[in-house]
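According to TrEMBL, the features are:
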type     : residues : note
REGION   : 66-98    : region 'Disordered'
DOMAIN   : 109-505  : domain 'Amino acid transporter transmembrane'
TRANSMEM : 141-165  : transmembrane segment
TRANSMEM : 205-224  : transmembrane segment
TRANSMEM : 260-280  : transmembrane segment
TRANSMEM : 300-320  : transmembrane segment
TRANSMEM : 332-354  : transmembrane segment
TRANSMEM : 374-399  : transmembrane segment
TRANSMEM : 427-444  : transmembrane segment
TRANSMEM : 450-472  : transmembrane segment
TRANSMEM : 484-503  : transmembrane segment
Amino acid sequence: MATLLRSKLSNVATTVSHKSQAKMSGMFARMGFQAATDEEAVGFAHCDDLDMEHRQGLQMDILKSEGSEEGGEPPLEGDIHYQRDGTGPLPPSASKEACSELSGQGKPKITAWEAGWNVTNAIQGMFVLGLPYAILHGGYLGLFLIIFAAVVCCYTGKILIACLYEENEDGEIVRVRDSYVDIANACCAPRFPTLGGRIVNVAQIIELVMTCILYVVVSGNLMYNSFPNLPVSQKSWSIIATAVLLPCAFLKNLKAVSKFSLLCTLAHFVINILVIAYCLSRARDWAWDKVKFYIDVKKFPISIGIIVFSYTSQIFLPSLEGNMQNPKEFHCMMNWTHIAACILKGLFALVAYLTWADETKEVITDNLPSTIRAVVNIFLVAKALLSYPLPFFAAVEVLERSLFQDGNRAFFPNCYGGDGRLKSWGLTLRCALVVFTLLMAIYVPHFALLMGLTGSLTGAGLCFLLPSLFHLKLLWRKLLWHHVFFDVAIFVIGGICSVSGFIHSLEGLVEAFRTNAED
């Protein structure tokens with residue numbers, strides 16, 4: 001009886017501890033999730049949930065070990081003990097619904113406005129600075145593509161969320177999937193039940209790592225153009241930026257970084273306003289005759305990738321919709337966020353191009369006068385450096401879960417010790433990832449090429465191809481003819497744009513490699 005009473009008291013204490021931790025983690029998750037889902041489209045809430053679950057898992061393991069050492073009775077039926085690798089058996093009475101309810105305790109729900117703020121951060125981030133360069137090579141067709149990409153990405157975001165739901169036996173629409181990976185696995189089941197998820201994970205890792213590389217590239221580019229008189233090359237500035245970023249390898253969570261993310265996002269909006277204000281001050285000199293209905297056949301496909309990459313947000317939409325107080329408002333939220341993004345991006349790209357015309361550079365702030373450029377670029381570099389940990393940490397989480405912590409399916413031994421601490425060789429791999437982003441930034445210091453390649457490869461795949469394909473595969477029996485037409489058209493057009501942009505971006509990268517090798 002004493003042992004049973006002690007077990008009950010331990011369970012109660014653990015439950016209270018979990019609730020208090022869930023509230024604190026939920027508060028930080030709301031701060032981070034609202035502020036940190038920046039242009040790289042990282043599901044930061046997911047990262048924070050992993051951190052919370054890991055801490056809870058370690059506490060449950062400690063409780064379990066203490067109970068076994070003291071010779072106590074095994075836990076009562078119905079108690080759920082979480083294991084870090086997710087392979088621990090559940091009690092027979094613990095249904096999937098009960099587990100989901102327990103895991104959802106303490107997680108804050110966000111309003112439609114807060115969800116819209118997340119999407120706005122994702123598609124109105126730093127990489128809009130490359131849009132005027134897309135107008136340079138596409139003219140009015142580039143403006144049309146900005147509008148077209150907004151419409152398509154809004155539509156594919158909606159159909160991706162539709163793939164999370166199915167009708168139950170009572171004819172009610174219920175959510176049966178939780179993530180992009182779950183949708184992909186459902187499409188490939190039963191023959192290849194994990195193939196789709198692996199494809200999505202690979203695409204996600206590529207996009208996240210390329211985003212980190214872009215941050216290093218843009219940091220070196222901005223600093224070099226801000227202080228051209230200093231005897232420091234762009235490569236040297238990239239090395240200095242990477243030295244500042246090396247502590248990211250030691251990150252355990254992103255709570256400290258998330259506190260600065262909101263300020264960085266607001267500062268970026270201020271910078272955009274300053275650029276537009278400067279352009280408006282030169283409205284009398286705008287070169288309207290330079291904007292024509294023509295395209296640069298060799299470089300416009302790269303511009304397609306740039307525009308598509310600036311709209312990528314699909315990867316975290318399932319998590320975002322699942323955390324909304326009223327998921328029925330998701331469609332309305334997607335409409336007004338993408339309409340606002342379309343208008344702001346179109347105006348920003350057009351006004352900036354009209355100001356500098358053929359002299360428009362890859363990063364538009366490099367066109368500003370030297371007195372203004374240095375101040376603006378320093379703020380942008382600070383934002384880039386503080387934004388780097390978000391995609392880096394998310395990429396590390398995906399790699400660790402898929403390669404080192406996937407239970408019996410893991411390819412390598414667990415990179416964490418029994419006490420939950422990262423092993424030395426795991427830390428070495430993290431440092432190697434930071435160094436890899438530096439090497440890519442040094443050998444391919446071309447912001448537009450890298451952004452176009454990423455948008456053509458993973459951006460088009462995650463935003464155009466896969467959502468339309470999954471929608472047709474999972475819900476084709478219930479789709480109306482115009483939905484089928486839209487899905488097929490988006491898949492075909494997206495495929496053509498993706499292949500064309502990828503080939504031209506790859507050709508540009510090969511040429512850049514050759515130039516650097518000769519130098």
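Just so you know, glycine gets a Cβ as well, placed from its N, Cα and C.
Most Cβ pairs within less than 8 Å of the transmembrane segment (205-224), among stretches 300-320, 450-472, 484-503, belong to 450-472. Outside the transmembrane segment (484-503) by six or more residues, the chain places 152, 155-156, 159, 301-302, 304-305, 308, 452-453, 455-457, 460-461, 463-465, 468-469, 471-472, 476 with a CB less than 8 A from a CB of the stretch.
Remote same-chain partners of the transmembrane segment (450-472), defined as residues 6 or more beyond its termini with a Cβ less than 8 Å from a stretch Cβ, comprise 127, 130, 152-153, 156-157, 159-160, 162-163, 180, 183-184, 187, 200, 203-204, 206-207, 210-211, 213-214, 217, 301-312, 314-315, 440, 444, 479, 483-484, 486-488, 490-491, 493-495, 497-502, 504-506, 508-509.
A Cβ distance under 8 Å defines the sequence-distant neighbours of the transmembrane segment (427-444), meaning residues of its chain 6+ beyond its ends; these are 209, 212-213, 216-217, 220, 235, 238-239, 242, 245-246, 248-250, 392, 395-396, 415, 450, 509, 512-513, 516.
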